[in-house]
Amino acid sequence: MPDISLKVLSNEIKISIQELIKELSIIGITKTEDNYINVLEKNILLKHLESKKKYSLDTLVLQRKTRSTLRISTVGGKNKSVQVEVRKKRAYVKNNKFENESFLNEKKVIKHSMQKTSSLKNKEKKYIKNIEKIELNKSDSRSLNTKKENKLKISNKDEQNKKFNQHRESNSFDLNHKKRIKENKDIRISHKEEKQDYHLTTFLHARQAEDENDREVEIDKRNHGRILKNYRQKKNNKNFHNGRYNKEEIRTFNRNKKNSKQKNKPILLQQVFQKPESIINRDVIISNTITVSDLANKMAIKSSEVIKNMMNMGIIGTINHVLDQDTAQLIAEEMGHKVIVHRENALEELIMKDRDTGNDVSAIRAPVVTIMGHVDHGKTSLLDYIRSTKTAFYEAGGITQNIGAYHVKTDLGSITFLDTPGHSAFTAMRSRGVQITDIVILVVAADDGVMPQTIEAIQHAKEANVPVIVAINKIDKTDSDIDKVRNDLMKYNILSEEWGGENIFVSVSAKTGKGINKLLNVILLQAEMLELKAVTTGMAEGIVVESFLDKGRGPIATVLVKKGQLKKGDVILCGFEYGRIKSLRDASGNEVFSAGPSIPVEVLGLSKVPFSGDVVTVVRDEKKAREVASYRKEKSREKKLSNQNRINLENMFDDINKNNVSELKIILKSDVQGSLEAISGALLKLSTEEVKIKIIGLGIGGITETDASLALASNAIILGFNVRADTSAKKIINSEHLDLRYYSVIYDLLDEVKAAMTGLLSPEYKENIIGLAEVRNTFKSPKFGLIAGCMVTEGVIKRSNPIHILRNNIVIYEGELESLRRFKEDVNEIRNGLECGIGIKNYNDIRVGDIIEVFEVREMKRIL
């Protein structure tokens with residue numbers, strides 16, 4: 001067939017050329033008015049137009065949504081509700097011709113079915129008449145048997161013949177019944193098919209069609225069941241017809257009742273709950289703790305039943321009573337259920353087992369050496385000389401305030417150094433440094449000797465069972481005394497090998513470099529004796545030495561690898577945090593792709609800043625790592641809440657006394673995690689019985705607008721350690737005149753907080769006696785009552801000051817003067833050796849010989 005132009009095709013299908021071009025563009029064929037179309041493109045276009053006509057204006061599409069909730073049990077044993085939505089879509093087409101044809105066909109089918117049902121009813125009537133005749137014959141035979149015994153055999157034969165006929169008729173009834181059921185089914189099927197066609201053609205009867213189908217199904221089921229039941233009763237029971245007639249009479253009697261209309265209505269099927277005949281045994285998942293109500297829900301019984309069972313076992317509780325795992329298991333098993341004990345840390349154990357630990361072949365690793373000692377004894381300077389750097393020169397105040405990890409490669413071998421702070425506030429930091437180290441270098445200044453932090457470092461080393469090498473520093477000074485240092489260390493069981501001990505002593509100078517090579521040789525010799533080895537392949541494990549928040553890069557942790565290979569892109573789990581490693585940098589700031597055992601690296605990619613000392617573990621799945629981290633965080637929170645003091649009589653009185661205690665509220669921000677822990681611990685130790693330090697907020701990084709708003713709401717001071725406030729925070733601080741202080745040395749911070757606490761102390765009041773007067777005589781005054789005539793024996797008697805009245809050196813009254821006169825004139829003060837008259841306010845029991853003591857109260861400032 002030749003190609004057709006678009007104009008001819010538009011005339012054929014009666015569509016304008018513009019619409020035709022649009023339809024062609026929809027199916028991906030681009031044409032213009034002057035173009036031609038081939039046969040294949042024409043067929044595709046016609047199919048497209050037919051499908052478009054399928055849902056025309058005479059078609060109505062209905063959508064129905066049904067929503068329901070489904071409760072399922074999760075892995076943790078808790079019930080979880082899931083929303084289920086079922087969507088149905090139906091299209092109803094309106095076609096008058098098809099509707100009329102289907103309506104006529106339906107009428108024919110109904111007439112045909114009515115004729116068949118009338119013929120069936122006539123057959124049933126004939127069958128009933130035959131049965132009545134048989135029953136009458138049976139009664140006649142019984143009467144003949146009583147009168148004539150000789151005709152018994154004949155009557156038996158007649159009965160057998162009748163039974164045979166009856167059996168034959170029953171068989172014919174069975175066949176007729178089966179035919180009738182088939183015919184009804186055929187009628188019903190044809191009727192349904194016609195009705196389906198009918199209902200598809202019209203929208204007005206759409207819902208009625210569904211209801212009619214349901215009703216007919218129910219009626220057919222009941223009729224079918226009734227016919228089968230009647231046939232079985234007829235077959236097995238001789239009195240079937242009498243019972244049937246009685247039932248029909250009962251049925252006709254019931255029809256005359258008031259509610260007969262409701263009873264004759266067809267009843268649709270309804271879902272009815274049926275109580276189980278026996279107890280259903282369920283699988284009950286029990287966690288570490290569970291309440292009685294939750295346990296009852298999991299066993300699908302009432303809470304009262306669980307409480308009854310508990311009382312039988314000797315446990316008294318309510319629905320909110322919390323049961324431990326063992327008790328809940330006993331209760332559930334007692335009630336016949338199977339218990340599945342759920343371990344909350346099962347996911348953590350699973351994720352730790354699913355790790356590639358390498359080939360378990362150990363190799364020699366570099367020793368981890370921690371440098372410890374007192375403040376300003378030259379620890380960082382010694383390390384700077386070894387590394388050829390000037391770290392101590394740039395440190396604030398010339399003191400180290402966080403742990404620094406460095407890997408040094410020398411001609412003799414590789415060594416990893418950890419530089420710890422020497423200040424007393426950094427005790428926890430030093431203890432953490434000892435726990436991850438192999439060798440401790442105890443630096444003691446030759447001119448200063450053994451100091452408190454030196455003793456503390458010795459104790460930490462002994463607790464960790466780590467060998468100690470003593471480096472006596474500053475030997476280049478003129479006032480250095482090496483023998484004195486040896487004697488002082490001997491008191492703490494640190495003996496040199498020369499004196500028969502186990503510790504190696506090396507005299508060094510961090511300034512000139514004297515003895516440094518010998519110290520490195522001793523370290524490597526000690527490491528060789530310890531035979532330090534680690535697995536160098538597989539997933540890595542390490543420990544966080546220090547962590548901080550970088551403004552540009554985010555949370556950063558300094559990690560010391562213990563075993564395995566830490567690589568870029570690994571998923572790590574670190575305490576309460578997790579993440580994928582984005583970058584690895586060594587101590588010099590150079591980016592590396594992997595790090596082996598005893599190598600410290602800076603890790604970038606964690607969700608938040610971890611705590612120093614947290615264990616870093618490489619895992620496979622980031623999603624599971626997030627779940628374990630959130631589980632750890634939740635358990636830590638629950639532990640904190642459980643450790644809070646419960647209300648009892650003792651702490652109730654403590655809370656009452658707290659009203660007399662002043663609080664200094666502090667918001668603390670630091671640059672690194674270790675310094676934050678050290679400062680917060682030192683501040684809390686400053687608390688006294690009268691002034692308490694309350695840290696309401698602490699964190700790593702700069703001071704933000706949130707910190708300033710919190711300080712404004714809680715009336716707190718803001719302390720920044722090596723951090724600064726941003727622009728938005730400065731606006732709030734300046735406008736609200738908040739107290740913001742910056743520090744770079746921990747000494748200054750602690751001293752100023754002590755001064756602030758001193759200002760919060762309540763002042764002391766001291767009584768200072770300024771004068772004594774002896775009562776010589778008493779007389780009455782109409783205005784002031786009893787007046788004491790006195791002689792001033794010491795000091796000065798002032799009118800405005802308070803007084804004590806002493807009798808036999810015992811204070812019997814404390815009050816104030818009401819009048820002070822000399823020669824009937826009011827005066828303000830009377831000096832020593834003069835007489836005066838004194839009137840005491842609200843006191844008339846003054847006697848001769850009493851001593852009036854005049855004093856003044858002075859306010860004294862207190863010091864912590």
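First residue shown is number 1, and so on along the chain.
In case you wondered, yes, glycine gets a Cβ from its N, Cα and C as well.
Of the listed segments 473-476, 669-672, 705-708, Swiss-Prot assigns region 'G4' to 473-476. Checked against Swiss-Prot, the range among 208-212, 398-402, 643-647, 658-662 recorded as region 'G2' is 398-402. Residue with the densest Cβ environment among the binding-site residues Asp376, Lys379, Ile475: Lys379, by other Cβ atoms within 10 Å. Taken residue by residue with DSSP, Ile475 (GTP binding site) is part of neither helix nor strand, so it is coil. Under DSSP, the residues of the region 'G1' (373-380) split into helix, strand and coil as follows: 2 helix, 1 strand, 5 coil. Residues belonging to the region 'G3' (419-422) score a mean pLDDT of 64 in the model. Around the Cβ of Thr420 (GTP binding site), a 10 Å sphere holds 28 further Cβ atoms from the protein chains shown. Thr420 (GTP binding site) carries neither a helix nor a strand DSSP state and counts as coil.
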